[in-house]
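Read the structure below first, then the notes.
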């Protein structure tokens with residue numbers, strides 16, 4: 001530094017004007033002059049204090065302005081490239097003519113030689129230009145030292161006080177910061193190099209600025225190259241580098257231990273998880289086995305299920321006993337539900353099979369007619385504000401079937417005796433019933449919801465009518481007291497509430513004047529009209545007697561469901577023996593056959609007749625033809641003929657002259673009380689009203705034998721009840 005300040009810089013200022021004049025036309029001179037002019041302009045724009053300008057032009061007249069600018073830059077110790085270039089050109093001339101010699105300290109030459117011989121590379125990084133550096137070491141006071149130098153760097157690579165400059169040099173020489181040692185006498189440059197990671201040694205030469213204690217503490221300070229502990233510095237540098245590497249490795253290790261710990265934990269967790277997985281798998285397997293057992297139990301009876309559960313609980317470990325118990329308790333209700341459902345399903349299937357067997361024995365034609373009629377009835381009800389009708393079906397107990405069979409046998413054996421004992425009584429009752437049936441108009445078949453008792457009801461032919469009048473009249477009162485605003489009608493088919501022996505026949509359908517006469521052969525329309533006229537005459541003569549006997553009638557209550565009335569008109573079960581014996585008796589008269597007795601029976605579980613077909617083998621078929629439902633009977637007298645069942649469903653009470661029944665709304669032609677019919681409808685409170693016509697002797701035989709009469713229900717369209 002002292003050499004530059006004392007020798008080089010004064011030499012450049014003294015020889016710059018001479019150099020410019022001697023070399024003005026040289027390209028190097030022209031280039032450096034242009035660079036100085038640009039620098040002056042920049043300083044002017046930057047408003048640097050004391051900034052000078054260089055006039056434009058190529059004449060030598062501007063040389064004095066150039067000299068003034070160089071002096072101003074040197075006074076500021078500026079290290080601009082243009083200034084250093086011009087100084088180097090002037091120094092080169094002085095080095096060539098020997099005017100000046102490059103000054104180096106005595107220890108420099110020996111150190112450079114030793115370091116080079118040791119295989120180390122030496123580079124020069126100076127604020128002076130590369131050319132000036134070379135000239136100085138080439139023309140040094142100790143000879144040519146350029147041979148010890150591997151390279152030169154000036155401010156073109158960057159300022160010496162900037163970190164990036166040193167990083168750029170390291171990149172250029174392909175070395176790491178730990179492998180490099182930077183020697184300088186300027187603390188600012190030392191700090192920049194240190195920031196870049198280089199090893200730094202500060203040289204304290206005579207004439208340099210004093211170093212502070214902090215600087216000495218921060219850096220290694222030496223006074224000569226010989227004092228530089230290069231080996232130790234290199235070792236320390238290597239050690240430092242190694243230390244840095246070790247530190248970095250430790251830092252990496254410090255970062256890695258958690259990973260290793262995690263790995264250990266993972267390994268530990270893996271073992272723990274393996275154990276837990278094994279434990280979890282066992283309950284899972286048990287649960288699976290439990291599920292399988294539960295499924296098997298659902299298919300098996302409840303007793304088998306209990307055994308499986310007990311075996312599973314015994315096989316389970318004590319630790320899982322509570323869980324298994326809980327699962328078993330949860331599975332039990334489901335199994336019971338499944339068992340009950342299976343049993344109920346089996347029962348339903350059995351009933352369906354029975355229904356199918358009964359249905360197969362019936363003719364297809366009545367079914368189709370009934371289905372069509374039912375469909376029409378549903379459409380009519382959907383259009384009008386009709387009420388919902390529910391039907392509750394109950395299975396027929398086996399005991400009822402057995403009673404029916406026994407009663408059939410009793411009827412077969414004692415039919416003749418019964419006919420003889422009650423023949424006289426029946427004749428009288430039949431005669432009394434004739435005028436009542438003729439006098440009672442068809443309009444009275446409609447049951448109203450008022451509490452006024454029916455004063456004129458047809459006579460009931462029943463052996464139990466006299467025995468139990470008090471019992472059945474309260475029931476009739478209850479039926480009439482039912483509210484007329486009923487919105488739903490339920491048809492409940494239940495087992496008979498009274499024994500089969502006490503089956504009663506009531507006349508609840510006073511439409512005898514509308515029914516055809518029951519004869520072995522159907523009478524023509526003219527005879528029917530004639531018979532009706534005669535009956536009306538007789539009815540007028542005996543009003544008092546008819547009224548008195550009508551009061552003794554014990555009928556099953558019929559509950560009105562707001563405009564809906566259901567009546568039953570089905571064929572009466574007949575016995576071949578009775579038919580033969582009754583046909584042979586001379587006491588029978590043709591007028592008796594003309595008599596119409598309407599019988600109403602409580603729906604019984606013992607009856608199993610649909611559409612006129614009975615299980616005892618004697619059958620009648622009620623075949624609806626063109627709106628008529630008539631009982632077709634063989635003419636040989638083997639079976640009792642049933643009169644035409646004419647049911648008015650329009651509620652006008654007028655019988656039809658031709659015996660046609662309003663079948664358009666009839667949906668119960670195939671109903672039975674014993675087997676639930678597919679299209680059956682009935683009345684509320686579990687009872688149906690049956691309208692059946694039989695000759696007097698046959699009816700008497702049925703009453704004595706306590707025979708259950710089959711009934712079918714025929715719903716009528718809504719009729720507004722009189723309030």
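The backbone N, Cα and C atoms fix where each Cβ goes, and this holds for glycine too.
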From 93, 160, 163, the one annotated by Swiss-Prot with 126, 127 for substrate: 160
List of residues, in chain order, with Cβ under 8 A from that of residue 126 (substrate binding site) and at least 6 apart: 132, 133, 152, 153, 154
Remaining residues near the recorded substrate site, that is with C-beta within 8 Å of the centroid of the site residues 126, 127, 160: 79, 125, 128, 154, 155, 189
For residue 127 (substrate binding site), the number of other Cβ atoms found within 10 Å of its own Cβ: 20
Close in space, distant in sequence - residue 160 (substrate binding site), Cβ under 8 Å, 6 or more apart: 125, 127, 184, 186, 188, 189, 192
